[in-house]
Structure formats: structure tokens, C-alpha cells
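Data block below; observations after.
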Amino acid sequence: MIPRVTATVDLSALTHNLGIVRKLAPRSRVMAAVKADAYGHGAVPVSRALEQAGVDALAVACLEEAMSLRQARIQAPIALLEGVISGEEAAQAVYEQLQIVVHDHWQIELLERLPDSARLTLWFKLDSGMHRLGFPLADVPRLREVLARHPLWRFAGWITHLACADEPDNPFTREQISRFEAALEGVPGPRSIANSAGLIAWPQTRVDWVRPGLMLYGCSPLPQVSAAALGLRPAMRLESRIIAVREYAAGEGIGYGLSFRCPERMRIGVVAIGYADGMHRAFGNGTPVMVRGRRAYLAGRVSMDMITVDLREVPDAAVGDPVLLWGEGLPAEEIAGWAGTLSYELFCGLTQRVRFRYR
Ligand SMILES: *Cc1c(COP(=O)(O)O)cnc(C)c1O
């Protein structure tokens, strides 16, 4: 049986992209973000590849994600970016030797009530201006007292997160960095600031630890800079096939609402992928796909299981031809723009109907 929609993940591209991170930040340790099923690429195979490539740590959102990695015998240090939400979770995190990113005082109380917290490893997350998670910077002295009270706790370091790192002209990033550094002046412990955009666009964020996510999957986090210009290779190729080709006269409408009108006699291909596979319904007429190495363009609405494409640029296209939705030569970042979103969301939106293959 030929799968309808396949996402082929090239694990060597991930390793290559990790190499780009290492080149940019040679003195930093690397914590790779593999949350959300490794941005939809498959957390276990991706983590295994990164672990083999010598990544220093992995980062997930929550305990469940970490547990599935531990069950797959991933041994690398794993950080829980949102920390823990109950005493039970805290106990399990300690048992599995997970690193807990602590962002609030109630979490400290949970940890202090653990019967055995001796092997606990924690980060403290500081809010330097994004105002999502993190302690106010003024809490640093109190947090140092917490550490002093618990000499057996292992302190991994201080984390902050940047709100505008993907905007190279936005001075707020510099502001966040200087607030963070000022609050930690003379305070011991490793620092971590950068996500992908930070580590590419703001060299001063390449401190003790960097935390790339998106760029490891081969996408550029910066709207003005392509992944290719950064030397990144896309890790995923999403493909389906043409299942019908028909010719219509000028003026005929295509698909739901007839939202595309043929401007001339032309061929339309039907491709077996729809929003039930993760093609956003917001993709409009003109969104590119690739057939036989050339671009064809979405013509008509995305439906649940199918899309229709204008084949005028690919006159030899035929039933059975593979169709590339994104991947090498058709960056997911560019495609995402056609749905008013980011490649992050395209990847995370793939559904269980998509067959994954690893190379
Ligand atoms: C997801 C995440 C990252 C990685 O972000 P990218 O933009 O994908 O590089 C880094 N740090 C934190 C706290 C995150 O939640």
C-alpha cells in the first residue's frame, strides 16, 4: 500500500543543523528543544539522533513528553520547560532525573515538600520582560537563599526567554539581555538566554547554554533571512500524490465555493492531502506546491482530504506524480506565510493520518 501523505524526516539534516549551532556558538552548551513531538518531527527518533550527535541536553514542555523519551531509553539530560504542577509530578521528575525549570514560588514549595529531593536538578527561570513565565528579576536574592537552604539540590542555572529576538532591529532584546545580566551580576551559576532567533541574530546571547529549536529542523526563525543563507537544511519533506487530472474551460469554478475561476482552458490536478492531514484551510489560491521539480499553485479551497492545483506550469504532470508540499526547494517558512502562520505551526499541525519515515 502506498501511503497517501508522507513526511520524510532526514535525521542527517538534524545533525548537520546541530553542527551549524555549534559553529555559531562554539563555547555554549546546546539544549535542543524537542517539545511538541520535536516540532511534529517525532520526538523519539529526533532525540535519539541528537543524542548520538552529542547534544548536551534536550528540552520538552512537560513531564509526559519527558516520560516518553525516557521510556524510549533516551538518557540525555532533559529539561522540563514549564516545570512541574504537582507533588506527584515533582517526585516523578526527580526519579527520572529530569531537570525542572522552576518559574514560580509555589513550585519551590512543591519541591521543598518532597520526601527525598536530594537528587533534584533545577533551573530558575527569570522574567526579563516577556511577561509569560518566570520570577521577577527582583526575586534573585530570594532565589539564592532557596539554593543556600538546599545545598544538595543541583543548580543547573538561570534561564530567560526573549520576546522579540526574531526582529533584529528591535531594541527590546538588548534591553532584556542587559536587565538579565544586571540582575545576575556577581551571582554564580550558568546562564541561558537564546532560542534559535536569539542565537542567530544576537551574538551576545551565546552564553553558557543556548536553546535552539526551530533551526535544528532546518527553518529560519528570521523573516528576512532564508534557511539556505544560514546553511540550514530542512529536516522534513512533506509529500502526497496527484490522484486526478482534469481539463476545464475558461470560466469554470473549482472546489468549494468555486473560489478559483479558470482564466483559460487549463488542467487542474487533485492532490490527496487536506486539512485533516494538516494542510491549513487558510492556504489561499496561489500557494505553491512542487510537481516534477516545478511549482504549481493552489487553485480553490483546501478541503478535508484534497487540494486542487493549477497545472499550467507543469504540462506533463500526471496521476501518480509525487507532490511536494514543503521541504528542500520549497521552504516551510515560505509556505506558512500563505496561511498567515509560521513553520512552527505547520509542523505541529500534522495529524496522525500522515505517515512518517526516517532516513
Ligand atoms: C521552544 C523554546 C525554545 C526554542 O525556541 P525556537 O524558537 O524554536 O528556537 C527555547 N526556549 C524556550 C523556553 C522554549 O520554550
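Just so you know, glycine gets a Cβ as well, placed from its N, Cα and C.
These figures come from a predicted structure and were not determined experimentally.
Taken from TrEMBL as is:
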MOD_RES   K35  N6-(pyridoxal phosphate)lysine
ACT_SITE  K35  active site, proton acceptor
BINDING   R132, M304  substrate binding site
DOMAIN    235-359  domain 'Alanine racemase C-terminal'
ACT_SITE  Y256  active site, proton acceptor
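Secondary structure of the domain 'Alanine racemase C-terminal' (235-359), assigned with DSSP and counted as helix (H, G, I), strand (E, B) and coil, comes to 15 helix, 47 strand, 63 coil. Taking R132, Y256, M304 as the recorded positions under consideration, the smallest Cα distance to K35 (N6-(pyridoxal phosphate)lysine) is found for R132.
Within 10 Å of the Cβ of R132 (substrate binding site) there are 9 other Cβ atoms, across all protein chains. Per-site Cβ counts within 10 Å over the recorded positions K35, Y256, M304 peak at K35. When the alpha carbons of M304 (substrate binding site) and Y256 (active site, proton acceptor) are compared, the span between them is 11 angstrom. Note: the CA-CA distance between R132 (substrate binding site) and Y256 (active site, proton acceptor) rounds to 40 Å.
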